[in-house]
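Chemist: Per Swiss-Prot, the feature Mn(2+) 2 binding site maps to D13, S63, D445, H446; the stated evidence is sequence analysis. Residues annotated as active site, phosphoserine intermediate in Swiss-Prot: S63. The substrate binding site feature in Swiss-Prot is assigned to H124, R154, D155, R186, R192, R262, P263, D264, R265, K337; the stated evidence is sequence analysis. According to Swiss-Prot, the feature Mn(2+) 1 binding site maps to D404, H408, H464.
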Amino acid sequence: MSAKKPVVLLILDGYGYSERTKYNAVYAAQTPVYDNLWKTCPNTLIDTSGMAVGLPAGQMGNSEVGHTTIGAGRVVYQSFTRINKSISDGDFFTNPEYVKAIDSAIANDRAVHILGLLSEGGVHSHQDHLYAMINMAVERGAKQVYLHAFLDGRDTPPRSAEASLQKAQDVFAKLGTGRVASIVGRYFALDRDNRWDRVKTAYDVMVTGEAEFDALTAVDGLKAAYERGENDEFVKATVICGEDEEVATINDGDSVIFMNFRPDRAREITRALIDENFTGFDRGETHPAIAHFVQTTEYASDIKAPIAFPPEDLSNSFGEYIAGLGKTQLRIAETEKYAHVTFFFNGGNEVVYPGEDRILVPSPKVATYDLQPEMSAPEVTDKLVEAIESGKYDAIICNYANCDMVGHSGLFDAAVKAVEAVDVALGRVLAAVKKVDGEALITADHGNVEEMFDEETGQPHTQHSTLPVPFIFVSSRKGKLASGGSLADVAPTILALMDLPQPKEMTGRNLITLEG
């Protein structure tokens, strides 16, 4: 069998485009490979945020949405948008899974525990959804309603949780029932890399009421964390309990409703709470028999718990479609973005298609990635170059995590190093592509590293941007890329390069016109 000449899609996570040079790590970095590509190869800018990717207008994109949209080849109305609509039209308040969980607690005089990232970020959750759930639980008659608030500071400014916690306190005060029971930073509660020591911290504060710190109110607890030098993301577990109140923990027979809608960072804490065969850490004697645990969306196919908003069918995604045509494909990324090039790219589907290989390169075990901005890019590149030169694959999808993961630190110098590490990787990968006469498309799922400081807040800009991202065609063939595209147009463009017809389910458009 003759060697295949692959089409390689390189997703440079968090690598946005900005004309503004100030606080722009892409501009500050030494990027000879990228600079040459931008000068000599067909290129354009594409949208990754708002309505272009099925999000509310003006809402920044994120890795889940970006990879889902790329793989689907169409605009996919995201969970955020679906839940917003259900709240506005009232369906949220009659959602059968939420109703069952709340009514069970009421009937059995048990508590309703609401978990989630309390944030305006809109990436993993939105605080308005948590406030709506508090209202729903109390208005249905629940007498014990507790919010376990995970704090953001990553998809929001580093110290922005006070307004969110104050509003939660105000909502409870107005309803006359319930309170915030604990706070903890997302660094602990929403890990996705099997760092179970972190997850245990969040588990313990909710289940055993054990934590290093306590406070009378959530805002007091946050202020104490700031005094200790902790930003929202890193706030240590704090029990919130007034002078005349008992510590509110998750107990046998209680209902737990997890309001995060993005799956990847919700899985570990969910497994710790409900998995009978859990081995991540010793849960001790106190592990509760939760009567009802509700996932707002499906966190994983093997998590057996009711789902309030089940996944919508995304048939004929890129991976499924080319597998059906007998083509071979590879997905490759380091741990932090592996789910994105597999689960999310396949439309929220865990299946591995015929002819689909996967390579997972472990992310480095460091506390934060600014300590190692190159992350595992060299190792990913080693494996990717080998795969390109193997002649086995028709299509290869690769994610480089650096610019997003280091961009979230808000540390400019580290972000510059991340950009430079990706540029070195690009040079090696494109040399391999050229060697086998393959083709490459280079893009990003959203911006981040091109906007590292927020002059409005006076704080580092740790969240994603709403700026466009590059889309570059690298080939021995000549061509032109159309303007005005979005991530929904990436898969149709790859199919055109592979000389494959576009399935009717893909409503994105091919952006490339080949010459000659």
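Don't overthink the numbers, they just go from 1 along the chain as shown.
Every residue, even glycine, has its Cβ placed from backbone N, Cα and C.
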Chemist: To the nearest Å, how far is the Cα of S63 (Mn(2+) 2 binding site) from the Cα of D404 (Mn(2+) 1 binding site)?
Modeler: 9
Chemist: Can you grab the distance from H446 (Mn(2+) 2 binding site) over to H408 (Mn(2+) 1 binding site)? Cα atoms, rounded to a whole Å.
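Modeler: One finds 13 Å between the Cα atoms of these residues.
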Chemist: Determine, from DSSP, whether H408 (Mn(2+) 1 binding site) sits in helix, strand or coil.
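Modeler: DSSP call for H408 (Mn(2+) 1 binding site): coil, neither helix nor strand.
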Chemist: How far apart, in Å, are the two Cα atoms that lie farthest from each other among H124, R154, D155, R186, R192, R262, P263, D264, R265, K337, the residues recorded as binding substrate?
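Modeler: This binding site's residues have a maximal Cα-Cα distance of 17 Å.
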Chemist: Where's the emptiest Cβ shell within 10 Å among the binding-site residues H124, R192, H408, H446?
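Modeler: Per-residue Cβ counts within 10 Å for the binding-site residues H124, R192, H408, H446 bottom out at R192.
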Chemist: Can you give me the residues near the recorded Mn(2+) 1 site, meaning same chain, not D404, H408, H464 themselves, Cβ no more than 8 Å from the center of the site's Cβ atoms?
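Modeler: What remains near the Cβ centre is D13, G14, N62, S63, R154, D155, C403, M405, G407, H446, N448, V449, T462, Q463.
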Chemist: Pull out the binding-site residues from the set H124, R192, P263, R265, D404, H408 whose C-alpha sits within 10 Å of the C-alpha of D13 (Mn(2+) 2 binding site).
Modeler: D404
Chemist: Determine, using Cα-Cα distances only, which of these binding-site residues is closest to H408 (Mn(2+) 1 binding site): D155, P263, D445.
Modeler: D155
Chemist: Could you tell me the C-alpha distance between D155 (substrate binding site) and H464 (Mn(2+) 1 binding site) in angstrom, no decimals?
Modeler: 7
Chemist: Taking every protein chain shown into account, which of the binding-site residues R265, H464 has the largest tally of Cβ atoms within 10 Å of its Cβ?
Modeler: H464
